[in-house]
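Visitor: Here's a structure for you.
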């Protein structure tokens, strides 16, 4: 008798639940899983890092290009100079885009190789790297050398010293050299087509020290990108430990 009453009560409860769902006309939705949440957080983090890297690249392009123009190292046509920083309008966006791509590429390569780069991963080291990069660019514009060979060798040594002090990774060195060569080729094409020019070109329409500046800039933006990516890496580690 008690078994019969229990079965009847269970069946009535199930029927009542079905009537409640049917009356509301809604179907139960699966809860938002941790995978979807992680993807959303990663995408948002990627967009934020890209925007920050773009802003840093634009700022450095304006400041460093001002040094070059003031010392007549680079010359733009008068009709394209349209700002108080004496820079063509397309220079800051191009440098900002390149900075964002480089800053996002470095931690991506690190993750492909196994784990993020952890050598001197603190903001004080990143700021010192930026200061050294600005100093190298300042030296290329304002320090007088006996000839271009001495200047190029000095800047090459400073750029490699910057990599050794703040990076020391083979992937960072390889990416720096590769991107510097591509940037140098792009600059040669721009100068060849008359977009701008150098006052004293000594290597295929450009200055021979230009690849050193590009290399130091790539290492600097890579360090900034790696430091920004550390927050996402720590967040994912905490999520893994919690799960």
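In case you wondered, yes, glycine gets a Cβ from its N, Cα and C as well.
Just lifted these from TrEMBL, have a look:
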- 1-10: compositional bias 'Polar residues' (COMPBIAS)
- 11-27: compositional bias 'Low complexity' (COMPBIAS)
- 1-35: region 'Disordered' (REGION)
- 46-67: transmembrane segment (TRANSMEM)
- 87-106: transmembrane segment (TRANSMEM)
- 149-166: transmembrane segment (TRANSMEM)
- 173-192: transmembrane segment (TRANSMEM)
- 204-224: transmembrane segment (TRANSMEM)
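Quick one: how deep are these features, and who are their neighbours?
Guide: Sequence-remote contacts of a segment are chain residues at least 6 beyond its ends whose Cβ falls under 8 Å from one of its Cβ atoms, and for the transmembrane segment (46-67) they are 74, 83, 85-87, 91-100, 102-104, 130, 133-134, 137-138, 141-142, 217, 221, 224-225, 228-229, 232.
Residues 46, 49-51, 53-58, 60-62, 65-66, 69, 76, 80-81, 117, 171-172, 175, 179, 183, 196, 218, 221-226, 228-229 of the same chain lie 6+ residues outside the transmembrane segment (87-106) yet bring a C-beta within less than 8 angstroms of a C-beta in it.
Residues 119-120, 125-126, 128-129, 132-133, 136, 139-140, 143, 172-173, 176, 208-209, 212-213, 215-216, 219-220, 223 of the same chain, all 6+ positions outside the transmembrane segment (149-166), place their C-beta atoms under 8 angstroms from a C-beta of that stretch.
Packing against the transmembrane segment (173-192) from elsewhere in the chain are residues 98, 102, 105-106, 109, 163, 167, 198, 201, 204-206, 210-212, 214-215, 218-219, 222: each is 6 or more residues past its ends and has a CB under 8 Å from a CB in it.
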